[in-house]
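If you check TrEMBL, you get these features:
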- 35-54: transmembrane segment (TRANSMEM)
- 99-123: transmembrane segment (TRANSMEM)
- 154-172: transmembrane segment (TRANSMEM)
- 178-207: transmembrane segment (TRANSMEM)
- 411-432: transmembrane segment (TRANSMEM)
- 444-470: transmembrane segment (TRANSMEM)
- 476-493: transmembrane segment (TRANSMEM)
């Protein structure tokens with residue numbers, strides 16, 4: 001047999017098949033109306049069941065803070081205020097708390113449909129696999145429970161899904177309309193949660209993958225850098241107007257100092273070696289008060305919020321000494337805490353990795369379920385600002401099945417282990433299988449592979465370093481990994497099957513020649 005016939009035939013029948021011209025055109029959505037309707041109906045049914053079980057949205061401490069900031073029209077707070085603006089926008093139309101949940105649910109459904117049918121449009125998912133994905137994404141209890149939570153988690157997850165999908169489209173066919181959509185969603189992601197600060201890196205990966213001209217790539221990159229720089233400067237200007245401190249995020253300084261303290265008891269810090277008077281004062285407070293803070297977990301946020309936290313006590317002392325409000329003092333000491341935290345990390349990298357990074361990496365695989373496992377945190381009543389904002393006749397919480405959410409959420413940490421391991425295995429398996437024939441594979445599958453890999457490992461690295469990991473922060477992994485992993489696994493298996501067929505045919509050819 002001619003060796004020229006020994007080629008990968010990636011258009012043959014298999015888990016992922018080549019589309020017809022009709023499917024590639026405007027008729028695609030029409031051809032998918034049955035699937036779309038099924039996904040929407042399943043999502044609505046799941047949402048109705050959710051609201052029957054949990055009629056009142058889950059409002060944890062973060063939710064109470066967001067509502068309080070919205071009620072008081074706060075301009076600067078401990079966290080980014082994009083979600084506060086989201087609450088205000090809905091409040092301008094209705095005071096119903098269910099309206100927030102419904103809007104979050106609608107955005108969630110749109111994002112899930114967008115990624116699933118975008119991938120199907122590009123690659124064509126096997127009907128049975130598509131059925132499973134529709135059921136999983138529509139009825140996943142974790143994703144639905146997050147929609148019923150007054151917090152930024154669900155909205156951030158949905159916007160992240162939209163961004164990743166838009167990046168895949170942009171890399172396939174870059175144009176200014178897609179670019180505007182990408183930059184808009186990117187901006188809202190960063191404004192919503194600082195975790196998104198690594199998302200511009202994903203856009204740079206997309207630029208490398210796309211087949212635009214060099215000058216166009218430079219323009220796109222420059223525009224994204226300009227947008228991010230404008231956002232950072234705007235945050236600094238707002239902080240300066242409200243507090244007199246020009247910092248991008250006061251919370252970042254507190255967070256890095258909190259993280260550093262989880263290795264403090266395992267190291268020796270000489271107060272005299274610290275870089276400034278302020279950091280020496282902070283260290284004195286740490287040495288005196290660190291044992292007053294219980295730390296039941298290997299990593300966490302105890303040094304951020306505990307009443308006897310050395311950082312909190314130091315801030316209270318500064319506020320009292322200078323006759324300032326606590327939040328103003330909180331912002332002012334953030335720069336000193338940032339310097340203090342980084343000093344400890346730079347001078348003690350191994351203990352920091354051992355006692356903070358490594359335990360937090362384990363939590364990425366097996367996350368702490370709190371606060372999702374504690375519906376409404378067992379509160380009987382909520383603060384007055386909450387029921388005034390939503391115009392409730394009373395702030396009593398009610399739930400038909402108080403322990404149900406705890407039981408549902410308890411399943412997810414073990415599932416997270418399986419999901420992360422399978423995600424990594426699929427990424428490695430695809431790479432090893434596809435590299436020998438990388439030039440013969442469609443550009444689209446490499447776009448999906450590199451975009452997803454960059455996001456997954458970038459998200460893991462940033463999350464592990466930035467703050468203690470909880471299950472609610474990993475919602476996006478549960479949303480995206482099943483879809484992308486199945487596509488990559490299907491391609492890897494198809495390539496492997498083609499390789500096996502070629503190897504078998506070559507062996508038979510050699511036998512045939514030997515017989516001659």
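Using the three backbone atoms N, Cα and C, a Cβ is placed for every residue, glycine included.
Caution: TrEMBL annotation is automatic and unverified by curators.
Residues 29, 98, 101, 105, 109, 112-113, 116-117, 130, 134-135, 137-139, 141, 144-145, 147-148, 375, 399-401, 404-405 of the same chain, all 6+ positions outside the transmembrane segment (35-54), place their C-beta atoms under 8 angstroms from a C-beta of that stretch. Tertiary proximity for the transmembrane segment (99-123) is limited to same-chain residues at least six positions away from its ends with a CB under 8 Å from its CB atoms, namely 16, 19, 23, 28, 32, 35-36, 39-40, 43, 47, 51, 57, 87, 90, 93, 130, 133-134, 137-138, 143-144, 146-148, 150, 154-155, 157-159, 161-162, 164-165, 168-169, 172, 444-445, 448, 479-480, 483-484, 487, 491. Within its own chain, the transmembrane segment (476-493) is flanked in space by residues 14-16, 111-112, 115-116, 119, 123, 125-126, 129, 133, 136-137, 140, 142-143, 156-157, 160-161, 164, 412, 415-416, 419-420, 422-423, 426-427, 429-430, 433-434, 441, 445, 448-449, 452, 455-456, 459, which lie at least six positions past its ends and keep a Cβ under 8 Å from the stretch. A Cβ distance under 8 Å defines the sequence-distant neighbours of the transmembrane segment (154-172), meaning residues of its chain 6+ beyond its ends; these are 83, 86, 104, 107-108, 110-112, 114-115, 118, 122, 143, 146-147, 178-179, 181-182, 185-186, 188-189, 192-193, 195-196, 199, 202-203, 206, 209-210, 443-444, 447-448, 451-452, 455, 475-476, 479-480.
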